[in-house]
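Taken from Swiss-Prot as is:
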BINDING   G452, K453, E454, F455, L456, K457, K458, K459, Q460, L461, S462, P463, D464  CoA binding site
BINDING   Y486, S488, T499  (R)-carnitine binding site
MOD_RES   K69  N6-succinyllysine
MOD_RES   K85  N6-succinyllysine
MOD_RES   K239  N6-succinyllysine
MOD_RES   K239  N6-acetyllysine
MOD_RES   K305  N6-acetyllysine
MOD_RES   K424  N6-succinyllysine
MOD_RES   K439  N6-succinyllysine
MOD_RES   K510  N6-succinyllysine
MOD_RES   K510  N6-acetyllysine
MOD_RES   K544  N6-succinyllysine
MOD_RES   K544  N6-acetyllysine
TOPO_DOM  26-178  topological domain 'Mitochondrial matrix'
TOPO_DOM  209-658  topological domain 'Mitochondrial matrix'
Amino acid sequence: MMPRLLFRAWPRCPSLVLGAPSRPLSAVSGPDDYLQHSIVPTMHYQDSLPRLPIPKLEDTMKRYLNAQKPLLDDSQFRRTEALCKNFETGVGKELHAHLLAQDKQNKHTSYISGPWFDMYLTARDSIVLNFNPFMAFNPDPKSEYNDQLTRATNLTVSAVRFLKTLQAGLLEPEVFHLNPSKSDTDAFKRLIRFVPPSLSWYGAYLVNAYPLDMSQYFRLFNSTRIPRPNRDELFTDTKARHLLVLRKGHFYVFDVLDQDGNIVNPLEIQAHLKYILSDSSPVPEFPVAYLTSENRDVWAELRQKLIFDGNEETLKKVDSAVFCLCLDDFPMKDLIHLSHTMLHGDGTNRWFDKSFNLIVAEDGTAAVHFEHSWGDGVAVLRFFNEVFRDSTQTPAITPQSQPAATNSSASVETLSFNLSGALKAGITAAKEKFDTTVKTLSIDSIQFQRGGKEFLKKKQLSPDAVAQLAFQMAFLRQYGQTVATYESCSTAAFKHGRTETIRPASIFTKRCSEAFVRDPSKHSVGELQHMMAECSKYHGQLTKEAAMGQGFDRHLYALRYLATARGLNLPELYLDPAYQQMNHNILSTSTLNSPAVSLGGFAPVVPDGFGIAYAVHDDWIGCNVSSYSGRNAREFLHCVQKCLEDIFDALEGKAIKT
């Protein structure tokens, strides 16, 4: 049996906040072109990864109904139950059989991979706020290294070293170790590298090590989402050697790899970035970057206008760049300012379509903002961790380093766009939409300092289950109801796995929340503790099922996708208001833990929802929440704080304060 993996990914537009490392990071090499020199090739396990299972239809129906119970009244539930029975014995049975047959014919991938790419790429909403999340780096532990030029140079060099290490197959394979004393050793690595790739996964399995899918990694670099009518496309050009830099809405490119594929001298990179930082040009009257925040069909049409007006070569340089480095010209005021800056900014200094934007503010605060269609949080977090560690432990330059004496004006190309009247009007319209939308977004955060993972584990409770219970209690306290809740879980243990949904709202969390919020005096502390234990046990079961590909959301989505692809009328199950309500995720939650991350976040996935990024640390709990004007994030966090206080009081044997 495979392990209970607790890797979280991002929801439709996922999240994160600081926590403990999910895996030991691999050994670091010296300051050369490579981060690591793994003796096991990076993709050694990829061919032998197990395939993502398709759940039994009857199991999916049971799990779906269990998730609906806390959201529906008796009459609504009976209707949904009847629709499920009809679906299971009728059209659902036929679709499931077709899905199984299709899966057998496509053993190179997973049943969800194609539909999931389509889900992202056919979405016409702006990718800003609706999809793209961010994660912010912790400051460099050595304060003098947080100078903007120093940090931008070191992060850039480390990112390119990651690229080189990945391309050379020298990056340690991503492996989840249940018994690292046996599997995460030089002796095991020397042995497993001689096992053929077609069998290597089984060799790791024998020592309780579980390699994870790494198919998304090749889209990290040189990649851009290109807007097209109806369906966007992902573009990658692995031959490109240049970096794209944005500052004050201006575009610059220069090579970070030479003609032989070696990393350009870090002092030259430092010189080029210093040259860009010294450019005193004002923000353009019509910043082209706003276009990447538009509706995708609108942007596709405007992009064609850009090409028609002679900007094709300029766009190619933008699209093929190794990545986009954004140099902001202001410091961070506080965590709220940081979240707004890294999640959306002012729209002038991000190319939202790039696989990722590496953002460095004037005070050295840095973050990764990434486009979501190409990959999930697991791949980005690995890159994030390695770059943070490399840039802080083996920095390419020091604060005392002198930039190379090179002619940056010849090496750095400033890109310019020819803009017709129609394009200028398009940029103006995009700016107005962008400004209007981001003004409606509120973000706030709390740090609950009374305890965290260590205390909860002593009480034999799942830390994640307790955090999710607090969100259920808080929403009940604020709005008096239980609503559809989404927690993302990675299925990277399988070939081309993406994510599965954990549904944290259950009959157990509803009962427990009502006891705490509505009538705590009617229950003894022992009864409250027992209810929390039930919640924890059930949440653990849901988490295990999701990580093993045994949720219900992706299966039902794939069946719906197949029905549409076959030209069938949408089965009645999908027209049920209960189904639509469940997929209107008012509470969208995600957690990714890393010692490199200071904060992360994402916007709500529905207008009346919350985007909840959180982490349970050893001795505190962090939560970063976003909302639009229809909800109140600050008030919600006050309720979360109160609910966590109540939970900890009950666990300590104290009466709940009303």
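Please read every residue number as a count from 1 along the shown chain.
Cβ atoms are placed via backbone N, Cα and C, with glycine included.
Annotated features taken from Swiss-Prot, shown on the structure.
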residue : record                     : Cβ neighbours (10 Å)
K69     : N6-succinyllysine          : 15
K85     : N6-succinyllysine          : 13
K305    : N6-acetyllysine            : 15
K439    : N6-succinyllysine          : 9
G452    : CoA binding site           : 22
E454    : CoA binding site           : 12
Q460    : CoA binding site           : 9
T499    : (R)-carnitine binding site : 28
K510    : N6-succinyllysine          : 18
K544    : N6-succinyllysine          : 18
Inset, instruction - Give me the mean pLDDT over the topological domain 'Mitochondrial matrix' (26-178), rounded to a whole number. - result: 95
Inset, instruction - Take the C-alpha atoms of Y486 ((R)-carnitine binding site) and K239 (N6-succinyllysine) and report the distance between them in angstrom, rounded. - result: 39
Inset, instruction - For the recorded CoA site, whose residues are G452, K453, E454, F455, L456, K457, K458, K459, Q460, L461, S462, P463, D464, find every other residue on that chain with a C-beta no more than 8 angstroms from the centre of their C-beta atoms, and list them by sequence position. - result: V466, V616
Inset, instruction - Calculate the distance in Å between the alpha carbons (Cα) of Q460 (CoA binding site) and S488 ((R)-carnitine binding site), and round it to a whole number. - result: 23
Inset, instruction - Cα within 10 Å of T499 ((R)-carnitine binding site) is the criterion; apply it to the recorded positions K85, K305, K458, D464, K544 and give the hits in sequence order. - result: none
Legend entry - Other C-beta atoms that fall within 10 angstroms of the C-beta of S462 (CoA binding site): 23
Legend entry - Distance in Å spanning the most remote Cα pair of G452, K453, E454, F455, L456, K457, K458, K459, Q460, L461, S462, P463, D464, given for CoA: 14
Inset, instruction - Check each residue in the chain of K458 (CoA binding site) that is at least six apart in sequence and keep those whose C-beta is under 8 Å from its C-beta; list them in sequence order. - result: none
Legend entry - Cα-proximity to K85 (N6-succinyllysine), 10 Å cut-off, over recorded positions K69, K305, K439, S488: none
Inset, instruction - Sorry to bug you, but what's the C-alpha spacing from S488 ((R)-carnitine binding site) to L456 (CoA binding site), rounded to the closest Å? - result: 22
Legend entry - Cα proximity to K69 (N6-succinyllysine), best match among recorded positions K439, E454, S462, S488: S488
Legend entry - List of residues, in chain order, with Cβ under 8 A from that of K424 (N6-succinyllysine) and at least 6 apart: F286
Inset, instruction - Rounded to the nearest Å, what's the C-alpha distance separating K305 (N6-acetyllysine) and S488 ((R)-carnitine binding site)? Just drop the number here, would you? - result: 38
Inset, instruction - State the Cα to Cα distance, in Å, between S462 (CoA binding site) and S488 ((R)-carnitine binding site), rounded to an integer. - result: 16
